[in-house]
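Reading through the structure tokens given below for one structure.
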Amino acid sequence: MNVKKYQKQYYMPPVPCMDWAEKDSIDKAPVWCSVDLRDGNQALVIPMSLEQKVEFFKLLVEVGFKEIEVGFPAASETEYEFLRTLIEHDLIPDDVTVQVLTQAREHIIRKTFKALKGCKNAIVHVYNSTSYAQRQQVFKKSKEDILKIAVEGAKLLKELTEEAGEKYRFEYSPESFTGTEPEYALEVCNAVLDVWQPTADRKAIINLPSTVELSMPHVYASQVEYMSKNLKYRDNVVLSLHPHNDRGCGVSDAEMGILAGADRIEGTLFGNGERTGNVDIITVGMNMYMQGVDPELDFSDMPKLCHAFESFTGMSINPRSPYCGSLVFAAFSGSHQDAIAKGMHWIEEKAPDTWTVPYLPIDPTDIGRNYDADVIRINSQSGKGGVGYILETKYGLNLPAKMREAMSYTAKSVSDHLHKELRPDEIFELFKDTFENVTTPYNINGVHFKQLDEGRIEAQVTSNYEGGEYATAYAEGNGRLNAVSNALKQQYNLQYDLVSYTEHALEQSSSAQAIAYVGIKKPDGILSWGAGVDPDIIRASIDALVTAINNR
Ligand SMILES: CC(=O)SCCNC(=O)CCNC(=O)[C@H](O)C(C)(C)COP(=O)(O)OP(=O)(O)OC[C@H]1O[C@@H](n2cnc3c(N)ncnc32)[C@H](O)[C@@H]1OP(=O)(O)O
Ligand SMILES: CC(C)C(=O)C(=O)O
Ligand SMILES: [Mg+2]
């Protein structure tokens, strides 16, 4: 790798512009403009069909976008026909403004206006590149000539809008802004604004694209602040940003840019767009949401959005994509699962006003995800908290803490050996196979009790070992389970202490069943566990005991 080949291609503002750095949060949603149907579309291997664009447009309206860049009508027949379809089939709600993009070239602008005929609310977005590199290599023009392209374009927009008798709003982008000297970008934007003479009821949009993201986000924020402080007609200008993601900081560009004075963000769902994509509006919006600020966009059915996006664009969403990837709420690791399970219990018990569950920045159910499938997932990295949480929340089993630990080691070991994740139903089956009603080698065939004096009980226990002859033993105890335990110890010369007994009703079971959990400590100090399930709690506890004995 030849690092000498590269150098900085951005320009800091002529004066320090870092007021934005004093702020720590965004307190109000910006105006959002979706550019999915234009910038997103122009980045696809196969651009969307007219039908797909119509469906995507409806989805964007449903999400709540009030400004939607629907395309570059002069680019292709599909783009042109798409806009005509929206207009002619009256598909644009009254509170939604469509935006169209055009180069600052006369025939392209004229074709764009032709496509707009009959449209009530539109933003006409004109751009030309202003960066040093593009002036030098692409346009081969002086600063004055590049400014002239912008001004001529701006004039034609005004003229054609007046001619059409419409009140379209205008947007200008100094394309490649991030590679442009800020003073020069300012000069061009102000010259365009002089043409448009924006007013309070017909504001102009100045859009500062990080066409290619060339710097750290604080540099971009400083450039934005410089523009915000020095643009003419500032009160009548909507300052818009259009971040791309070349260095992976598109979201930070948008957020810091808002702190620096931007009023509006152009971006796409899931960050689709050229090269590494446009800024992901879902992430910027959800980042606000997770700090208690209403993003004014509805992401409550994220699975539906993901599915629709993937089918329209042919793109796939990265499993780690913030808020929407399949794995972004998943905790496989033991300590995280433990903390999440405890945090969820805390929420249930204390019902606090705000969400505080560790490791889950938001409640997954807010965006249509669910705890069972998305959060606690079991593999060889998992621990007792996670396994216990799944058995409790999904199957109503409230295992004693130490038994959860034993169950979790069983699950880890199976996952490790099979080298796979275990689904909740597989964990439940594993629990049943390992810890529930295990009847070999010891098996009890029948038990009878007799009440003795002073609360003591006598048990008559008929049992066998490894399928052999049945034998009957009698023993006393201070309770039924204790008496059975003593009979078995006596019959087979077993040595252990009964150290744990708990039981509860099985709420999720169709018939009225109870489950008992028994833990015994063997002479080597090892704990062994069993569970028994039966409508009769005594029977359940005896089965639990026998299982614990069998689980050597
Ligand atoms: C960063 C962005 O996303 S910008 C948007 C990019 N999106 C697109 O370009 C998609 C749609 N574009 C297209 O379909 C085509 O480019 C069209 C139909 C608009 C124009 O097609 P063509 O005229 O055949 O080609 P092309 O765009 O390459 O034209 C390049 C010429 O336009 C000039 N030009 C490019 N952009 C602009 C602009 N914004 N304003 C003025 N002139 C421009 C170039 O300097 C070049 O000039 P030259 O012919 O004197 O060398
Ligand atoms: C047309 C402009 C706004 C653009 O898409 C970009 O610069 O990235
Ligand atoms: Mg772009």
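Counting begins at 1 with the first residue displayed.
Backbone N, Cα and C define each Cβ position, glycine as well.
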Inset, instruction - For the Mg(2+) site, TrEMBL lists H242, H244, N278; sort out which one of D27, D36, D39 goes with them. - result: D39
Inset, instruction - Would you identify the secondary structure of H242 (Mg(2+) binding site) according to DSSP, in three states? - result: strand
Legend entry - Contacting binding-site residues for ligand 2, chosen from D39, H242, N278 when the Cβ sits under 6 angstroms of any of its atoms: D39, H242
Inset, instruction - Output the one of H242, H244 that, of all these binding-site residues, has the highest number of other Cβ atoms within 10 Å of its Cβ. - result: H242
Inset, instruction - Determine which residues of the same chain, besides D39, H242, H244, N278, have their CB within 8 A of the center of the CB atoms at the recorded Mg(2+) site, and list them by sequence. - result: V35, P209, S210, T211, P243, G250, E266, G267, T268, G273, E274, G277, V279
Inset, instruction - Restricting to the same chain and to sequence separations of six or more, state which residues have a Cβ under 8 Å from that of N278 (Mg(2+) binding site). - result: V35, D39, G40, H242, P243, H244, N245, G250, E266, G267, T268, G271, N272
Legend entry - Segment-level pLDDT (mean, integer) for the region 'Regulatory domain' (438-552): 95
Inset, instruction - Count the Cβ atoms, other than its own, that fall within 10 Å of the Cβ of D39 (Mg(2+) binding site), considering every protein chain shown. - result: 24
